[in-house]
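First comes the structure, then the notes that go with it.
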Amino acid sequence: MPIESGSCASARQAKQKRKSHSLSIRRTNSSEQERAGLQRDMLEGQDSKLPSSVRNTLLELFGQIEREFENLYIENLELRREIDTLNERLAGEGQAIDGAELSKGQLKTKASHSTSQLSQKLKTTYKASTSKIVSSFKTTTSRAICQLVKEYIGHRDGIWDVSVAKTQPVVLGTASADHTALLWSIETGKCLVKYVGHVGSVNSIKFHPTEQVALTASGDQTAHIWRYIVQLPTPQPTADCNQVSGEDEVEFSDKDEPDGDGDGSSDCPTVRAPLTSLKSHQGVVIAADWLVGGKQAVTASWDRTANLYDVETSELVHSLTGHDQELTHCCTHPTQRLVVTSSRDTTFRLWDFRDPSIHSVNVFQGHTDTVTSAVFTVGDNVVSGSDDRTVKVWDLKNMRSPIATIRTDSAVNRINVCVGQRIIALPHDNRQVRLFDMSGVRLARLPRSNRQGHRRMVCCSAWCEDHPICNLFTCGFDRQAIGWNINIPALLQEK
């Protein structure tokens, strides 16, 4: 009888081990379904407030994670067995391989590669699944808490800015690329006044803090101050805009426009000339605002400067220079002589006019793309939005880094903060409007469907905290402004 060599015996032993190991893997795979059923039974027996569909989804995700790690563990065991088998075979030939060295080499490389692939796969799966779950929750919540009340249709081109009067009667103002600014009755949606004094796109509108006077900025390189007199019409019963059929996420092309003839402002009283024209810029005036008290106004331009004017004399008081590229927005503090300007140079600047002899400036550098707007909140905070798809909350006492960062999936346009409740409204390029708190927690998304919401880019938002019907307004390049009723107590309770 032939005598079996040591190397052949080792090979046979290794083959038996691999066969046994293969059987154990098949047993493991065959028992996965039974294990999943057992886990579901255990989960159903527990007291949980999660819907059953969500619980099943979570269970499947965790089961997938467990299977991936189990496969990785088995693969590493197989590699270790191969190392041991190779050492046994080479030992008879007077050679040996250090298993520790091999494990640091081939084993570590293969395990590292497998772990990297596993990590990426789990991240992608987890992000996609959880995002879908969270979106389903938020969509349902948003429909109940955020309701469309009124649409304001009458402009012939996109609307860049929306604002709410600070004096009685409270009216809505819109600034449009059709060279006009319109004032609206919030309750009825009727156009009250049309301003036609500009010869370029009207990019911004702001109301005087104590008088029936408006400030508009235009592409004609000027800012106009003009007076209006309005008489509110009697409110009429409105149809329920919240009954929506079909899915909540019906997509529209950029060619889609709102229903209506787009001529709702044809019979409005018209203001044709300003009280004062502010002329010092050499480029498009993209935004303007009143300083506290209303005796001075600030403008921001594409000529890379912001100008401070005396309203009564129309004289230029200060030219604010320092930005490296075109300005995109300017905003004033509600109670202090502070101005913030934002720019395409990825920064925004804080200008301090509280001391007449000192006009200090602080530069905030935290974004990686155009800063589309920066606005003040209560206290010492500023909120900035950018084309880099982030919104950052800053403490004016520490400008080195933001205290909160909100990351989104689309560029952010002119933001607005509900001062009393500290809620940020974010209008997006992708037609969405989302609500966040100051700590960066998402609260809701305004509904958008085949019958309500914006059909094109949303340019601006404005809160009106005291209005009983509409407390948030948005406008977009679909030529319409929309009034929303946000149930703020319910919104904060959901958080």
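Positions of Cβ are set from backbone N, Cα and C atoms, glycine also.
All annotation found in TrEMBL is predicted automatically rather than curated by experts.
On a predicted model such as this, the values are computed, not experimentally measured, just so you know.
Under the heading compositional bias 'Polar residues', TrEMBL lists 22-31.
The compositional bias 'Acidic residues' annotation in TrEMBL covers 246-264.
According to TrEMBL, the feature region 'Disordered' maps to 1-36 (among others).
Taken from TrEMBL, the feature region 'Disordered' covers 237-270 (among others).
For the repeat 'WD' (152-194), DSSP puts the residue distribution at 0 helix, 23 strand, 20 coil. Per TrEMBL, the feature repeat 'WD' maps to 152-194 (among others).
Look at TrEMBL and you will find 195-226 (among others) tagged as repeat 'WD'. This prediction places the mean pLDDT of the repeat 'WD' (195-226) at 97.
Outside the repeat 'WD' (278-319) by six or more residues, the chain places 161, 200-201, 203-204, 206, 208-211, 213, 215-225, 325-337, 339, 341-343, 351, 353, 359 with a CB less than 8 A from a CB of the stretch. Annotation comment: TrEMBL describes 278-319 (among others) as repeat 'WD'.
The feature repeat 'WD' is assigned by TrEMBL to 320-361 (among others). Below 8 angstroms of C-beta separation, residues 283, 286-292, 298-308, 367-376, 382, 384, 386, 388, 396, 399, 414, 419 of the same chain, each at least six residues beyond the ends of the repeat 'WD' (320-361), sit close to that stretch.
Under the heading repeat 'WD', TrEMBL lists 364-404 (among others). Beyond the repeat 'WD' (364-404), the same-chain residues lying 6 or more positions past its ends with a Cβ under 8 Å from any Cβ of the stretch are 328-329, 331-334, 338, 340-344, 346-350, 410-417, 419-420, 422, 424, 426, 436, 438-440.
Within the chain, the repeat 'WD' (152-194) has long-range Cβ neighbours (under 8 A, six or more residues past its boundaries) at 200-212, 214, 216-218, 228-236, 258, 260, 262-265, 267-271, 287, 414, 456-457, 459-464, 467, 469-470, 473-483. Panel annotation: around the repeat 'WD' (195-226), residues 157, 160-167, 173-183, 270-279, 281-290, 292-294, 297, 299-301, 309, 311 of the same chain, lying at least six beyond its termini, place a Cβ under 8 Å from a Cβ of the stretch.
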